[in-house]
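Accompanying notes for the structure given below.
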Ligand code: SF4
């Protein structure tokens, strides 16, 4: 059993983060936010992929002006991501559900005060987002791009907000490699009770980002660390959500969706199994109900191995079996086996 670290609960729109709230999965659009249609198109794609929250970059006045319409039409809570420019922060705070802005970098206490006032007026939280690659100069000079510097930076930004009695905070500590990311989150965890947004930044392509995120999030989530997460994959939207949700499911932190057990294949196999597994994965990717599906390459071991599955398929030479909860329900020819299996899965998913 994973025992989650007890954190303060905050809300981004209608999504709770921290405390006993389910771990949420989020992503970020890569459109120019000022291109409202493009941004909304990406937000909708994320929504249909199962995202809980979306973040948009606000680089200038035009981006900030677009937020009102985006917020009105978005099915997901919106976080505005702002660097350095407190005026954009103030404008965004009038409409969005949360800000990502580092209070130490917006030009002094008075400006932080104004941002805090705007956030308090609408009860919206601030994420302090520390990245190893963009640390404050004095910390980087002192410690280099290390977990220690990341944690000091986070504490420094947190203090700006706490001094103004603002505790509606979440924190991220991202590095582009697994070790520093994990170490930084572990180091900060006992020092504050704010919820953590997990991420490995600039994680790379789908292949590398999936591995890095699974390794880092796996280590942290098994320690009970992490309240919301983003898998960063170069140029991907839906895949970020799919991978994030799969990590939570495989760690037992989310029940939603299908778990596919497929055999690794061996010399006993009589069919071309990989395309069958891929077809099952594709056909079942939108199922929300928790289901265990097994796709086995031969009949010899399948019945025993598929016992735990809600629906299993055991392929054989020219024919195969469909097994439901350990009971064989039919023997079918190879060319109809997959369709029959998917029919049974559909019935179970309703
Ligand atoms: Fe080999 Fe059959 Fe086991 Fe697949 S299910 S690994 S084909 S023995």
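First residue shown is number 1, and so on along the chain.
Each Cβ is built from the backbone N, Cα and C atoms, and glycine gets one as well.
Note: TrEMBL annotation is automatic and uncurated.
Neighbour density for residue 266 ([4Fe-4S] cluster binding site): within 10 A of its CB lie 10 other CB atoms from the protein chains shown. Sequence annotations record features per position, and here TrEMBL assigns [4Fe-4S] cluster binding site to 263, 266, 298, 305.
Annotation comment: TrEMBL describes 7-244 as domain 'IspG TIM-barrel'.
As annotated by TrEMBL, domain 'IspG C-terminal' applies to 259-347.
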- Mean pLDDT across the domain 'IspG TIM-barrel' (7-244) comes out at 95
- For residue 263 ([4Fe-4S] cluster binding site), the nonlocal same-chain Cβ neighbours (under 8 Å, six or more residues apart) come out as 273, 295, 296, 297, 298, 301, 302, 305
- Query: For the [4Fe-4S] cluster site given as 263, 266, 298, 305, which other residues of the same chain have their Cβ within 8 Å of the site's Cβ centre?
  - Reply: 264, 265, 268, 269, 296, 297, 300, 301, 302
- Task: Indicate the candidate from 298, 305 with the smallest number of other Cβ atoms within 10 Å of its Cβ, considering only these binding-site residues.
- Result: 305
